[in-house]
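Chemist: Okay, here's the structure, questions in a sec.
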């Protein structure tokens with residue numbers, strides 16, 4: 001590209017200090033900036049598309065596959081366990097998006113620009129959490145509703161469909177959004193803590209998906225409680241009409257536990273963030 | 001105005017910045033010169049509140065960076081080329097920055113224009129060349145029309161045209177009364193842009209001086225003379241108490257004299273001169289000597305000879321590749 005070098009040296013003269021206009025990097029502005037950041041990179045579009053397509057697609061697929069079996073009574077499972085089944089996989093995208101929102105700042109070095117613009121680090125973290133959480137709440141709810149409608153369509157064809165006023169159905173529709181939003185924040189916390197995309201995604205998947213199943217192998221009551229309290233297990237119940245595992249915490253109790261764990265993670269990440277060199 | 005007091009940064013038992021004091025004044029370009037690893041970038045990051053000092057303090061306009069209500073309006077920084085997310089367009093990068101500090105959208109267009117990125121404003125910055133990335137970084141630094149500007153190694157990796165562009169820009173920013181703090185590991189670059197010089201080595205300030213003073217004190221200048229009557233001329237010059245050395249190519253290097261004085265001597269004795277010119281010893285060498293051994297610097301300044309005439313000065317100061 002050609003750049004006009006010498007004639008471009010005109011820097012607009014500094015306006016005389018205008019004291020009426022006392023600009024402030026207020027929280028609202030930092031939030032606006034963080035929201036602008038999230039919506040202007042393609043990774044956001046990609047992860048959210050994946051979240052939607054995988055969740056809705058897999059739910060449709062499994063419901064289409066098991067509806068006949070369920071109708072014939074060939075399985076002990078209830079239709080409610082399948083109605084949003086795809087979210088189990090789609091949720092990985094929410095976790096990854098949360099991680100990226102934090103870790104991409106470090107992999108690109110942009111964290112320095114971010115903190116030069118808004119040096120109050122707790123405000124930056126909070127703004128990121130609001131922007132990400134809000135986005136995932138809306139798209140997560142849409143995903144959850146679309147998954148349910150798709151899955152339920154196939155279940156309904158075999159006469160095992162659910163009605164909106166069946167127990168847990170409404171809770172599931174909104175719970176999906178809540179769960180995905182908090183899961184994204186969990187990823188944000190991990191990303192902030194580890195400052196490395198691959199590392200944080202690996203740890204996140206291990207904590208949410210792998211360890212959640214493995215701790216069940218610990219014998220006795222300890223194993224039972226660990227299973228109940230692992231973040232993925234505790235939080236996931238709110239996003240399904242009925243859980244495959246009957247020993248998990250009650251959906252809302254579980255969600256409260258998961259939110260608490262996420263808050264704790266963000267708190268630790270925030271303390272380190274505000275202390276560490278950028 | 002940037003003020004550092006006993007500013008210190010330690011990493012474990014390694015001291016990167018060792019209790020330095022300095023002031024960067026408005027209206028001048030202050031060069032921050034030192035070899036790689038001298039603590040320049042660490043210092044600049046501390047100015048920006050990115051790294052926390054282990055001891056001491058640094059303020060911008062009398063306040064710690066973290067306490068600035070809208071920092072982009074007061075401080076602009078080009079910290080390194082890669083402080084930008086490559087997946088975002090140049091425009092959007094500047095847009096989120098503008099939003100964070102309540103800067104009007106039209107100012108984004110203005111700075112894009114100013115740095116000459118108008119044609120690629122809607123392209124993702126990941127595909128930018130080093131020079132374009134640097135221009136985007138400068139647009140970001142100028143976004144809030146700040147009175148204090150920091151440039152960390154701004155010419156690194158740029159082509160000659162880009163180097164000249166940045167140099168002129170830096171000079172004009174200072175001419176407008178802004179405080180400009182530029183780091184570099186190239187003495188030749190500093191000689192062309194800076195009015196004031198802070199030399200650092202191993203985390204300490206080795207020199208805090210006016211640029212012209214530094215040049216005068218640290219350059220062992222001599223006058224290069226060629227004459228068909230070299231023998232006689234050498235005798236006359238030695239007779240004046242000047243030191244004369246024979247160069248490999250038959251010319252002579254005369255120390256302690258000005259070109260005018262030598263010309264006068266030759267003329268007075270009817271001697272022909274085929275060449276006469278002042279030669280500035282490389283400032284790069286002076287800088288190397290300075291940073292090599294910081295203790296010796298204060299004891300004795302090498303070669304406090306007469307500065308050769310200024311025309312020759314300029315030619316020899318201009319670094320290679322410009």
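Backbone N, Cα and C define each Cβ position, glycine as well.
Relevant sequence annotations retrieved from TrEMBL are reproduced here:
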REGION    A:1-23  region 'Disordered'
COMPBIAS  A:7-21  compositional bias 'Basic and acidic residues'
TRANSMEM  A:46-67  transmembrane segment
TRANSMEM  A:82-104  transmembrane segment
TRANSMEM  A:125-149  transmembrane segment
TRANSMEM  A:169-193  transmembrane segment
TRANSMEM  A:200-222  transmembrane segment
TRANSMEM  A:252-273  transmembrane segment
Chemist: Using a threshold of three or more Cβ pairs below 8 Å, and leaving out pairs closer than 6 in sequence, do the transmembrane segment (A:169-193) and the transmembrane segment (A:252-273) count as in contact?
Modeler: yes
Chemist: Please identify the stretch among A:46-67, A:169-193, A:200-222 with the greatest number of Cβ pairs below 8 Å relative to the transmembrane segment (A:125-149).
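Modeler: The stretch I would name here is A:169-193.
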Chemist: What residues elsewhere in the chain lie close to the transmembrane segment (A:46-67), defined as a C-beta under 8 angstroms and at least 6 residues from its ends?
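Modeler: Result: 75, 77, 79, 82-91, 93-94, 96-97, 100, 135, 139-140, 142-144, 146-148, 150-155, 157-158, 160, 180.
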